[in-house]
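Read through the structure below, which is laid out as structure tokens, and then see the notes.
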């Protein structure tokens, strides 16, 4: 296999690896406390940024909570992105990175959903009262940002080729 999609596979492996390693670290160093108990937390900057061990059995921001289809949806998204990586065309660099980060993020949270029944979250920005999240969530957002940038970049290139009246 030629490495014509190295950025795709590299960003996918980097993001799923970082996600699973950080979640392993959290499970080894924090105690999972179920509500109504307060979660185990470690303030890096008091009332600004904490590591807080919580779980989420829904998707982003607890959407689709308790849905039995969510693990299968994660699996199908990963399967589609793997298929794109194996059989799809060679995309420009920003698209490769974008799809790779999406795959890594979907796989990271999908692994949790399939094997644990819930996703481990631990990044807690208290200053802005943002929901607790994880590296996989960051990877998904980075992937979307890369794809938006790729679309913007290609539309700029396309508009340069169009003659003006």
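Every residue gets a Cβ built from N, Cα and C, even glycine.
According to its DSSP assignment, residue 121 (active site) is in a strand. On its own chain, residue 121 (active site) has 52, 54, 55, 56, 131, 132, 133, 134, 137 as residues at least 6 apart in sequence with a Cβ closer than 8 Å to its own Cβ. Annotation source Swiss-Prot lists active site at 121 (among others), citing sequence analysis.
Per Swiss-Prot, the feature active site maps to 137 (among others). DSSP assigns residue 137 (active site) to a helical segment in the three-state reduction.
If you look up Swiss-Prot, you'll see 68-88 (among others) marked as transmembrane segment. Long-range Cβ contacts of the transmembrane segment (68-88) within its own chain (Cβ-Cβ under 8 Å, at least 6 residues beyond either end) map to 5, 8-9, 12, 57-59, 99-100, 102-103, 106-107, 109-110, 113-114, 117.
As annotated by Swiss-Prot, transmembrane segment applies to 100-120 (among others). Non-local neighbours of the transmembrane segment (100-120) in the same chain are 7-17, 19-20, 23, 26-27, 53, 55-57, 70-71, 74-75, 77-78, 81-82, 85, 134-144, 146-147; each lies 6+ residues outside the stretch with a CB under 8 Å from one of its CB atoms.
The transmembrane segment annotation in Swiss-Prot covers 130-150 (among others).
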